[in-house]
């Protein structure tokens, strides 16, 4: 996918990995970057606008845990303004296994609901033009950090959902791929709670191992966007971008 002159919606585009990725996207010259985030950050939006004045950067407040009907209303506002949207990035995520329901609501259900809502505008069965979805999942969807099983399971669920979306592209016209960052130096990983406090030092222990910067992750994220490979399972770890071959252990046969 060519980012230049495209219209992109980025859910959680002001977070740790999100903000650096928004910067890299803006540098590539889309026509519009629409940032949806729970917390407004006027300074970050102003920075993005100044980074490339030719790009129209717009912000809307958005909590991914709202009902699908509310998301559809927001998307209608965006589609009425832009007419077309080429790419949806679902990037909302929290890492706190003390918040079980919210972890699942943000990391998994929010991704499903936002995707479901945009199908009203993209699904070719409804006369839509199709589109592309990039879901930010995690390497913990491959193999869990067992001290944070709720977070890991929520990301595995998001990965499975994304893989299914890709398989449905011939029906819906909507393609999808997953972005799976390794341990990245963000506020998210500097301090977080393990499930039932099974390992109070889990964040500290993780950061004793090699990590990557948000900029490294963002630069590889843009490469994955440009590759635009339906069904791709991208691993963004230690400054590298690698396509993962998923091992099939069972097939529904349908």
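Each residue, glycine too, has its Cβ placed from N, Cα and C.
Per Swiss-Prot, the features are as follows:
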ACT_SITE  151  active site, proton acceptor
BINDING   10-33  NAD(+) binding site
BINDING   138  substrate binding site
Residue 31 (NAD(+) binding site) and residue 138 (substrate binding site), Cα-Cα, nearest whole angstrom: 29
Residue 151 (active site, proton acceptor) and residue 16 (NAD(+) binding site), Cα-Cα, nearest whole angstrom: 17
Inter-residue Cα distance where the pair is residue 151 (active site, proton acceptor) and residue 28 (NAD(+) binding site), in Å: 32
Neighbourhood of residue 10 (NAD(+) binding site) by C-beta distance under 8 A, where only residues 6 or more apart in the same chain count: 18, 21, 22, 25, 33, 34, 35, 36, 89, 91
Fewest-neighbour residue among binding-site residues, criterion Cβ within 10 Å, set 22, 28, 138: 28
Greatest C-beta neighbour count within 10 angstroms, which of the binding-site residues 19, 25: 25
For the binding-site residues 13, 16, the one whose C-beta sees the most other C-beta atoms within 10 angstroms: 13
Rounded distance in angstrom between the Cα atoms of residue 13 (NAD(+) binding site) and residue 151 (active site, proton acceptor): 20
Assigned element (helix, strand, coil) containing residue 16 (NAD(+) binding site), judged by DSSP: helix
Tertiary neighbours of residue 151 (active site, proton acceptor) (same chain, Cβ under 8 Å, six or more apart): 94, 95, 96, 97, 103, 107, 138, 140, 145
Residue 31 (NAD(+) binding site), number of other Cβ atoms within 10 Å: 16
